[in-house]
């Protein structure tokens, strides 16, 4: 293995086009040499969500220049890069095709190995880049396409303990915002309105709370919000703020129950891991300050470290893709063949039951 490998990462699974260069030394320490992300928010905001065809075209238009910029910011050329890592799933198939085909072309032309990376694995391993975290640990992934509680045992070794049985949490935020006439993306808009709201005005349901299994459900909560809004329409600004605050409180209480049970299970299964156990949160919804505070308090109560990587590394980015490639390289995983195909569905836990449905931001995995 190259003693100080350097990887170019490419991410195009949804509505961010990203490229990054990351290197790792023999002790596992990393350096982010560049991190370039182009959001497609303006392209999709008029539609209230991500339009797959528009996303794919935007990736085509932007990716080559972003890769050049990532190399320039890192002050390296392709000759200085040891491998290419590109997201190959899960996600929107059009975007995945753009990124993976670009990665293949670069790997072929430059004579570099290619790592086809699972987007979820990128999220799962980010805390090892930012915090030097050791295995095992728990990860809560909360985004527009996924809500999963995952046991991370090692690189390529994952067990899904819980997942949404309907809407992802980010999807619930977006749909609630749209219902209330708030702008896209919905998460930040709902959080802003909630700051001025009365969280006790509406007693929204907390689906699956109290159940032993660790799954999530948010469609019933979304329906309750719609019915409450219809009952008091037309809505004043204060009504909207109160609904948002009550919605967030219901989610916080749901996560407190679901994740609390997960932390207890972790302690039962790993009673003596030699260090303080950790809960990692990732995904765009991880930016929500109320949810972070809930998880921090839960971890404090249960004797866990709470790790939330910087927001730029919680949302979709190419740093995590490059890092996942480096992690695989470090344990001797062979590169992928150049005929590897993108996968719209690609669960981290190959033994997990297949999920039903197709989320707002792509196939559920």
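Each Cβ is built from the backbone N, Cα and C atoms, and glycine gets one as well.
Keep in mind that what you see is a predicted model, and the values were worked out from it rather than measured.
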- prompt: In Swiss-Prot, the substrate site includes 141, 142, 143, 144, 145, 187, 288. Which of 166, 167, 174, 203 does it also list there?
  reply: 174
Residue from 300, 316, 336 that Swiss-Prot also lists as binding Fe cation with 119, 123: 316
Statement: Same-chain shell around Fe cation excluding 119, 123, 316, C-beta within 8 angstroms of the CB centroid, reads 11, 13, 87, 120, 122, 143, 282, 283, 317, 320, 321
- request: Reduce the DSSP letter at residue 141 (substrate binding site) to three states and note it down.
  value: strand
Message: Neighbour count, 10 Å Cβ-Cβ cut-off, for residue 123 (Fe cation binding site): what number do you get?
response: 30
Field: Pairwise Cα distance for residue 316 (Fe cation binding site)/residue 142 (substrate binding site) [Å, integer]
entry: 12
- prompt: Where does residue 123 (Fe cation binding site) sit in the DSSP three-state scheme?
  reply: helix
